[in-house]
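Engineer: The structure is given below, and queries will be raised subsequently.
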Amino acid sequence: MNTVRVTFLLVFVLAVSLGQADKDESRMEMQEKTEQGKSYLDFAENLLPQKLEELEAKLLEEDSEESRNSRQKRCIGEGVPCDENDPRCCSGLVCLKPTLHGIWYKSYYCYKK
């Protein structure tokens with residue numbers, strides 16, 4: 001009976017000691033991973049502002065190339081009265097005489113082509 005107790009005690013001691021070793025090993029691995037993660041975060045934190053500055057520079061460069069005259073002037077939407085001589089309907093719309101509605105107010109409206 002003593003041999004059984006000694007055997008179980010020996011197995012128990014080995015299991016505890018190996019379990020503790022595994023726990024220490026996993027703790028070390030976690031520390032290494034967090035240190036690597038921190039280095040990746042530092043790298044990303046340094047890279048992000050650089051990318052943002054590059055994008056901002058490109059956008060500002062494009063804005064400076066455009067002149068005020070190259071922008072599209074305000075246009076009139078669909079179903080809005082327009083002037084026959086100076087139609088400012090948006091792209092895809094044409095200034096036409098209405099068929100039914102609007103004949104009482106103005107003579108021309110913007111319609112789809």
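Placed from the backbone N, Cα and C atoms, the Cβ positions cover glycine too.
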Engineer: From the disulfide entries in Swiss-Prot, identify which of C90, C95 pairs with C82.
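Structural biologist: Here Swiss-Prot pairs C82 with C95 via a disulfide bond.
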Engineer: According to Swiss-Prot, which candidate among C75, C89 shares a disulfide with C110?
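Structural biologist: So the cysteine paired with C110 in Swiss-Prot is C89.
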Engineer: Give me the Cα-Cα distance between C95 (disulfide bond) and C75 (disulfide bond), rounded to a whole Å.
Structural biologist: 12
Engineer: May I ask which of the disulfide-bonded residues C75, C82, C90 is closest to C110 (disulfide bond) if we compare their C-alpha atoms?
Structural biologist: C82
